[in-house]
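Colleague: Grabbed the feature section from TrEMBL, which reads as follows:
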DOMAIN    68-472  domain 'Amino acid transporter transmembrane'
TRANSMEM  96-121  transmembrane segment
TRANSMEM  146-166  transmembrane segment
TRANSMEM  195-211  transmembrane segment
TRANSMEM  223-243  transmembrane segment
TRANSMEM  263-283  transmembrane segment
TRANSMEM  304-324  transmembrane segment
TRANSMEM  350-371  transmembrane segment
TRANSMEM  392-411  transmembrane segment
TRANSMEM  417-441  transmembrane segment
TRANSMEM  453-475  transmembrane segment
Amino acid sequence: MSKDTNYSSLPVSSYLELQPQNDSPESLRGLSFDDETQYLASKGAPHDDDFEIDIDNYPLVVIGHNHGSGVPGAVFNLTTTIIGAGMMALPATMKVLGVVLGIVLIILIGILSEISVELLVRYSVLVKATSYGEVVQHAMGKTARVLSEICIILNNGGVLVVYLIIMGDVMSGNVHHLGVFDQLMGNGVWDHRKLVILVIMVVFLAPLCSLDKIDSLSMTSAASVALAVVFVVVTFSVAFIKIVEGRIEAPRLGPDLSSKTAILDLLVVIPIMTNAFVCHFNVQPIYNELAGRSPQKMNRVGRITLMLCILVYISTAMSGFLLFGKDTESDVLTNFDEDLGVPYSAALDYIVRVGYILHLILVFPVIHFSLRQTVNALLFEGSPPLSESRKRSLGLTAVLLVLIYVGSTMIPNIWTAFKFTGATTALTLGFMFPSIVVLRLGHLGGLSQGEWILSWFMLVLSVVVSIIGVIGNVYSIQSKSE
């Protein structure tokens, strides 16, 4: 090689980052030529000015091999994003829908959610978007991007508020159920839910939320999935034992239409189930840190995650509804303060509740990560990434945690929160925006007739369900006030 040049030879397996001279750091994106570029070509991406890579304007920066997250780590992070507090509301939705319709809807919503994730990833790659907001902007413009980012903030903020409410209810108790601390130590300062939540936030959540990369949370995500599985195994085992002994009544198979209240609950239950599958806001960050990333590899991550989540959700909804029947609470964890009617019932109660609180503590920073990234993109557009500005990252983390804590002291229960986020932001992020993105960017290639029809179906369905859910929420509030 000539000594006059400033360039050196590159290994074939090197991971390169193409850096536009005039673009902000937020727009920089690593490209793995043997994965993403081949995918773009296979999908027939147009070779116009928006898609051609002008090598003269992109200096090659060698950053070594892509030591990102592997498929297992990505599966754990995506599964953790999905399996959170929404799982605790599923037994209550089964109480409203009945066993058959409940199982069918869990499977149907899960499949539709996975399809929308795959389509979103495909068109994010085609337009070289690095975030949910960017692909929305490519399809619908800057205003739509801002709206999508506001939806992510409201959705994730609402979910994190729900996590804190559950932690407080389970550990300190509420007017209907005893808390873990009450059962272990009697009345004391730990009866104050706000204080318990504050201690959990300062001691456990703040350190985890201060991490800069979502890949750093892979191990905690794996632990959180394991804790969720422990919950499912215990509840399912107890329900199975009681079924074998004939101590559980036959569950209702269809929806309850016997009263106005039951019908109103039926209107809002689908948005609550939808909320349990929304993970789209974290798909792009997980994809960005996936080693040797390609849409095919991300699709594999999504499908494995979908199968795992559907199994966990059906098991949780069925076992919780079978155990507690018509007494199933909106947060089924609070039901575990009573005798389950099996040996070692008290110990199992503690294992289920404390184990799931630990699960939520480990899930919290994964949801917070995308919340912080979105707030940063909305308020500090064009600024260096958070990984390069530790002070801004910690400042945003502190402000968001304070606001989430305040929100948890103002909302009465998780059913109230899920009804509204499910009917609005969850449906918007999970189905409306992805469908519109596909329909607007379908001309770039790779969209089949079936996918076009399915995108319209998801869009119309999400709009109808959202309207029905909001109307149901309003009527429900009016009925309670009367």
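Here, residue 1 is simply the first one shown, and the rest follow in order.
Glycine too: its Cβ is placed from the backbone N, Cα and C atoms.
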Colleague: Under an 8 Å Cβ to Cβ limit, what residues of the same chain, 6 or more beyond the ends of the transmembrane segment (304-324), are close to it?
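Modeller: Those are 71, 75, 78-79, 82-83, 87-88, 90-91, 93-95, 99, 102-103, 106-107, 110-111, 113-114, 225, 228-229, 231-232, 235-236, 238-239, 242-243, 248, 251, 276-277, 279, 332, 335, 340, in sequence order.
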Colleague: Using a Cβ cut-off of under 8 Å, list the residues of the same chain at least 6 residues beyond the transmembrane segment (350-371) that approach it.
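Modeller: Sequence-distant neighbours of the transmembrane segment (350-371): 77, 80-81, 83-85, 88, 152-153, 156-157, 159-160, 163, 166-167, 170-171, 180, 183, 200, 204-205, 208-209, 211, 214, 217, 220-221, 223-224, 227-228, 230-231, 234-235, 281-282, 285, 333, 336-337, 397, 400-401.
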Colleague: Cβ under 8 Å to the transmembrane segment (453-475), counting only same-chain residues 6 or more beyond its ends: which ones?
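Modeller: Answer is 112, 115-116, 119, 264, 266-268, 270-271, 274, 419-420, 422-424, 427-428, 430-432, 434-436, 438-439, 442.
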Colleague: Compare 146-166, 263-283, 392-411, 417-441 by their Cβ pairs under 8 Å to the transmembrane segment (195-211) and return the stretch that comes out on top.
Modeller: 392-411
Colleague: Please work out which recorded stretch in 263-283, 392-411, 417-441 has the most C-beta pairs separated by under 8 angstroms from the transmembrane segment (146-166)?
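Modeller: Stretch with the highest Cβ contact count: 417-441.
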Colleague: Cβ under 8 Å to the transmembrane segment (263-283), counting only same-chain residues 6 or more beyond its ends: which ones?
Modeller: 77-78, 81-82, 86-87, 89-90, 93, 96-97, 105-106, 109-110, 113, 116-117, 120-121, 132, 152, 155-156, 159, 214, 255-257, 298, 302, 305, 309, 313, 366-367, 369-370, 374, 415, 418-419, 421-423, 426-427, 429-431, 433-434, 465-466, 468-469, 471-473, 475-476, 479
